[in-house]
Protein chains: 6
Amino acid sequence: MRPSKRAADEMRKVSFERGVARYAEGSCLVRFGDTQVLCAASLEDKPPPWLRGQGRGWVTAEYAMLPRATLTRSRRESSTGRVSGRTQEIQRLIGRSLRAVVDLPKLGERQITIDCDVLQADGGTRTASITGAWIALRDCVQWMVQRSILKDSVIKDHVAAVSCGIVAGEAALDLDYAEDSNAETDANFVMTGRGGLVEVQGSAEGAPFSEAELLKMLALARGGIDTLVAMQKAAIG
Amino acid sequence: MRPSKRAADEMRKVSFERGVARYAEGSCLVRFGDTQVLCAASLEDKPPPWLRGQGRGWVTAEYAMLPRATLTRSRRESSTGRVSGRTQEIQRLIGRSLRAVVDLPKLGERQITIDCDVLQADGGTRTASITGAWIALRDCVQWMVQRSILKDSVIKDHVAAVSCGIVAGEAALDLDYAEDSNAETDANFVMTGRGGLVEVQGSAEGAPFSEAELLKMLALARGGIDTLVAMQKAAIG
Amino acid sequence: MRPSKRAADEMRKVSFERGVARYAEGSCLVRFGDTQVLCAASLEDKPPPWLRGQGRGWVTAEYAMLPRATLTRSRRESSTGRVSGRTQEIQRLIGRSLRAVVDLPKLGERQITIDCDVLQADGGTRTASITGAWIALRDCVQWMVQRSILKDSVIKDHVAAVSCGIVAGEAALDLDYAEDSNAETDANFVMTGRGGLVEVQGSAEGAPFSEAELLKMLALARGGIDTLVAMQKAAIG
Amino acid sequence: MRPSKRAADEMRKVSFERGVARYAEGSCLVRFGDTQVLCAASLEDKPPPWLRGQGRGWVTAEYAMLPRATLTRSRRESSTGRVSGRTQEIQRLIGRSLRAVVDLPKLGERQITIDCDVLQADGGTRTASITGAWIALRDCVQWMVQRSILKDSVIKDHVAAVSCGIVAGEAALDLDYAEDSNAETDANFVMTGRGGLVEVQGSAEGAPFSEAELLKMLALARGGIDTLVAMQKAAIG
Amino acid sequence: MRPSKRAADEMRKVSFERGVARYAEGSCLVRFGDTQVLCAASLEDKPPPWLRGQGRGWVTAEYAMLPRATLTRSRRESSTGRVSGRTQEIQRLIGRSLRAVVDLPKLGERQITIDCDVLQADGGTRTASITGAWIALRDCVQWMVQRSILKDSVIKDHVAAVSCGIVAGEAALDLDYAEDSNAETDANFVMTGRGGLVEVQGSAEGAPFSEAELLKMLALARGGIDTLVAMQKAAIG
Amino acid sequence: MRPSKRAADEMRKVSFERGVARYAEGSCLVRFGDTQVLCAASLEDKPPPWLRGQGRGWVTAEYAMLPRATLTRSRRESSTGRVSGRTQEIQRLIGRSLRAVVDLPKLGERQITIDCDVLQADGGTRTASITGAWIALRDCVQWMVQRSILKDSVIKDHVAAVSCGIVAGEAALDLDYAEDSNAETDANFVMTGRGGLVEVQGSAEGAPFSEAELLKMLALARGGIDTLVAMQKAAIG
């Protein structure tokens, strides 16, 4: 039995609140249970310096947690003066995941940055970020289409993400913090709306895991991501 | 006529939402019109290193803006690697303002940090921060009293803050961004519930200002702060 | 009775020594009692990057203390790798104060930087800096006029500054370190030669202060600044 | 046909040279084709600060590339002042992989750091690092056993790693730089000597990948890692 | 003929002004012509962390230039966030030079830091710094003796320094900036009062130099340092 | 008797291994006994920014040690975020030494960077670096000549370096770590193939040294450098 009484294949309550950031070109407050991430898309009229003159655009992401998003306060990365390895890993993952479903040449010489700021963290902040960031990105692209900056959408598919784990020997979907900190194996899956894999990241925290366990987690993730994509469709519908 | 149609002595719509940060010992989402600041109090069981062994506690504040809190995106201070002068000025101001109404010896060898994270910025973020931080601090102290960490409250008075300015030759209360960026003089006032002055900061942005103008702004501020203190009382009622 | 035996409205011995920095376009060693600040103006032929192409110039300031300007040695900010919040607050204040009396469009696309390096610190370093920086700036502008870089002066008025405080319940002018560290309230005033207010910054260090106390300090400051402006006039005479 | 003429399941020439770092407690120069990594183990008599007093040890890794390990020179991270996200990702991966096969409580309050310095980079530097680091770690542990610092080895199993990819639609083992930069999907697998999975990291660089492709890459990796473990056994034999 | 009309073996006008820094335990404003360095000694009651418990003291130095000490303004190292290689070289040189004449075990577990701040720079700032720092250090030690912190002086000898160069094919003593920037070879010599060599640093800026030229510069330096030591003796007389 | 049983004027076993860095335009692994430095030359098609448009090229060097090149592990400068003073001194020395024998105008608007990475350190790393860097630089220039980037070589002479010291009262050549850490005086000499002096750096570590001792060390160095230059000639022969 999971601490949250959820079934092994049951996600937490998920919601998307669009347009929460008044000044952003697209935004979404995404909730996976008690995890809350504010995703805001910002359009810039030029690509990053290393991409100038190549006729392509770029989509990138930044990720941060408010100091008291968590059980105990953590120091701000602005005051430590360093972006931690964990933060960099996560923002690189979000960026890659989004770019997998964007037609970058069609975007033209522009950059869209998605800021994912975790207001509250109860596990799964990176998967919630990816799932919510897609909404913010999509609304930003719509904003551009409405203003004729783009003729039509440059988004090729949905993208969403969910975590799985082996907890007390059983595979489980969408871990919250209580489960995550006790999981033997922790995995994150990113998939497109059509079911293609974008990222698979599995780590043994204790004992190694087997191929069978990897496949069980993958099956759970597929179910979870189907649900998330359906909810994204409803949210933008 | 002000761009917002408000009277010279009229504040924007102010609201306090308590308990928004699930893990913090006290928290408050404060809104001054479109300005939104999430204030979260974190208790630590020891004072800062430079205060060890002196039998006194400390209250401090940190301040930051989400990158897209503003009209155009600003870079994260974690990625520039530097906390800007503006940020440091503001967080020092918030800290001093709160300490003015706390009995630090009675707090004992502990530290309370109030994080003020601006979710949306439409002028007056530092004054909203101070006013909301007081609620978060007060709730944190109540949390301590309820758990018998403190016998009774260490908060001696309310503290609240408001900005004023000289705009198009006229004194006005609680400037929003549109007014603030056109003001000839910009001033911030911090006062206690009993009407004592804690901070007065006035700057000529264009032409110098006169003593009469300073006094006019001070009178407007006094009215605004009376309102804010009454609202704080209602919020914690 | 003040520790220095001065009357409440009596300034310390003030002096200006012009031309102390051989290579600078303007310079002044200012003394407020034992406080000594070396102010040096440097002209650059282009404005800061964010002001290019707008037909206006800029005046800015940097402030630092020698490590042993003070009673006990403080670490260099170059070796800590960070400019402290206090330093940034002060250099922003000096810059704003000087710009209040300069015709920036008339200065043209140039920048003048005033370096204020505190050789010895006995309280009031920021007010001495502003007062001495005005001389360095003025001499730099004269240097430009003499070389026909400017047709005539771009300085619209004098600017000078002084601190006041409430010490042992009494308002006092131009605090030295002994008074400053015991003051209940500490305030800095910046005014022009014609008596306009440029900056007012008052902080309660202990109990809040009243409007009456603010006005008493303002009156003392006005007297002190009148004296300082007269001395500036004599110095450049 | 692969650019290197290798079969899909064929690794590059792999070699281990032990004892190359005269002063290190264990060391190994590992070569995967033209990729060369110098792995050196350093023993410290105390654990990292956050682990003090818990009766457990720690194994960690640092990773860097010589500036001219690559086709074009890259800037030193010491001169940029920042450890890049990529570097941090890799060193965290190496550390986790090694810890998966070490009995940390039995290691006692000590830390072993494995420095992985890439002398030459032709793809697969992180997988070569993990595979070579295991030898350096094992030799360090033997060094401790020989000096009776440990009664017997704290290493529970081998660990080795290899990359796979989907290149031109086909799964291939142990990509070199030429393949890696053209792969549609790139995956790294870390496994123990007994075949358990420690890390699986797959990323779509272009089009998403299918579950079938993931499984094909996993099968190739299993074969490669079996070979690497056999070679580790021979090397320490 | 030298630009300054000096003879090849003629130093610039040198002076020492003791006690210029009111709060320092010892201080000296040293002038070598237009080069001016403020040297201030600060006593700390404990040695640096890496020397604790070894029964010895330490003498160290820090060196900096005011931004407008030079012909054109240079950026502050606090705002670049990095201490330059040149600055570090110089402060290490000053520290080594002073330690060569101090009995560190006799100093006991204490540290003396000499801050050398260049107010004006016309060549030879490092040699002026060493020569003036000796006075500040000596006065600090006297201060300690007067307060019975030390029984008697821990200074074993004088130390002083001077630069030489090969300019237009001729050896010359104590180069000013005009000569220094045109010298083919540039050398700095540090010697004790008894004539022992502490540091010799010669660099070819253009063509290599010969042993004969090195010896010519050394002879000039010996004459200059004899003069400097005699002046130090007179100054502390 | 020296710890290594070498005669006072006897160098350690020296070797040069050319072409060790597959991607570099020139490279050399130099060994002075157990000291090993990997020197790699990188050609860039433009000079550093401050030299643009002056028709001249530049040669510079970077120096680093692997963390476990030494007896005990040292922290990476990338993770401390600062390049140490010692590192900066050494890389500036290597760069100056190489530039002394290069015709920079003839090199044209290009930059060659020599990375000197110490794989193993047993004293004399800076002198080994200079001596090996010359080979890497020379091979890079040959590479350019072969590709007609340069008509003929821009290298005017050999350059090589060696350390000397006064150990137990005797002058000795090419100190290893055991001697170096006990030397009373430590000196580094850089000379050209024709015997001209490029750099002389002598430091008293304990008692001052005499002119006679300096000359004895210089004579030893001359012998050592003659040997090194002959070996460089053989290596490139």
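Easy rule for this one: first residue shown is 1, then count along the chain.
Yeah, the Cβs are placed from backbone N, Cα and C, and that goes for glycine too.
What TrEMBL says about a protein is an automatic prediction, not a curated fact.
These come from TrEMBL:
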type	residues	note
BINDING	D:ARG86, D:GLY124, D:THR125, D:ARG126	phosphate binding site
DOMAIN	D:10-140	domain 'Exoribonuclease phosphorolytic'
DOMAIN	D:159-222	domain 'Exoribonuclease phosphorolytic'
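Those residues of the chain, other than D:ARG86, D:GLY124, D:THR125, D:ARG126, with a C-beta within 8 angstroms of the mean position of the phosphate site C-beta atoms are D:TYR63, D:ILE90, D:VAL118, D:ALA121, D:GLY123, D:THR127, D:ALA128, D:SER129. Looking at the residues that bind phosphate per the record, D:ARG86, D:GLY124, D:THR125, D:ARG126, the two CA atoms farthest apart are separated by 13 Å.
Cβ packing within 10 Å was compared across the binding-site residues D:ARG86, D:ARG126, and the lowest neighbour count falls to D:ARG86. DSSP assignment over the domain 'Exoribonuclease phosphorolytic' (D:10-140) gives 42 helix, 41 strand, 48 coil. Least packed by the Cβ count within 10 Å, out of the binding-site residues D:GLY124, D:THR125, is D:THR125. Break the domain 'Exoribonuclease phosphorolytic' (D:159-222) down by DSSP state and the numbers are 16 helix, 30 strand, 18 coil. Averaged across the domain 'Exoribonuclease phosphorolytic' (D:159-222), pLDDT in this predicted model comes to 96.
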